[in-house]
Amino acid sequence: MGREVATFAGGCFWCIEEAMSKVEGVEKAVPGYAGGHTENPTYEEVCSGETGHVEAVQVVYDPDKTSYKELLIAFLTSIDPTDSKGQFADRGSQYRPVIFYHTEEQKELAEKALKVLSESGLFDEPVRVAVEPFKNFYPAEEYHREYYKKEPMHYFYYKEGSGRKRYCEIVWERKGGRKLLEEKL
C-alpha cells in the first residue's frame, strides 16, 4: 500500500509536530501553514493573522503501520478542543484547531471523534475544532522543523509555560480522554 497524508492544526506547530513524530508509522511530520489565501507565506505573515493560514503539520504515514485513527487521537490529545481562538499561550486565528481532511473517510472519522468528545462530559465548554477540506499547505522555514529536537530546553519551557503539557496530562490522561477516544473510534 502507498503512503497517506493527514494535516492537523492545533496551535503551535512545534507541539503538533512532536506529537505526530511519536506515532509509529509516521514517516514525515512537517510544520507549515495551511488553509490560507496567500501563496508561500512567511512565518511573520502568518503571525499577522492576515493570510488566513493556520500553523499546521502535514503528516506522511504508512497505513500498514498506523492508521488515521491513531493520528487523530494523537492530535486531539495534544490540544484543548474547546478553544477556537487559539491554543494555550498562542492566541489568534492562526492558532485555531483544524482537522483538514484529504478524503471522505478522514472527514467522517474526524466528525465522529468530535461527536464522541462533545458527548463525553469531559468538557465544560463545547468542542470547537473545525473540520475543513484540505486546500493547501506550505512548509515552514527550516528553523521551525524539528524544533523540539534542535532546541529541547527552549521547547520544554515553552510547552510547560504555555499550559499545554499540564492540560494534556489532566484531561487526556488522568480524566481518561485518550482511553475514551481509543474505545469509541
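Numbers run from 1 along the shown chain.
Quick reminder: no glycine exception, Cβ is built from N, Cα and C everywhere.
Under the heading active site, TrEMBL lists Cys12. For 6-155, the entry in TrEMBL reads domain 'Peptide methionine sulphoxide reductase MsrA'.
Confidence for the domain 'Peptide methionine sulphoxide reductase MsrA' (6-155), expressed as mean pLDDT, is 98.
Taking the Cβ of Cys12 (active site) as reference, residues of its chain lying under 8 Å away and at least six apart in sequence are, in sequence order, Glu55, Gln87, Phe88, Asp90, Tyr95, Tyr158, Ser162, Arg164.
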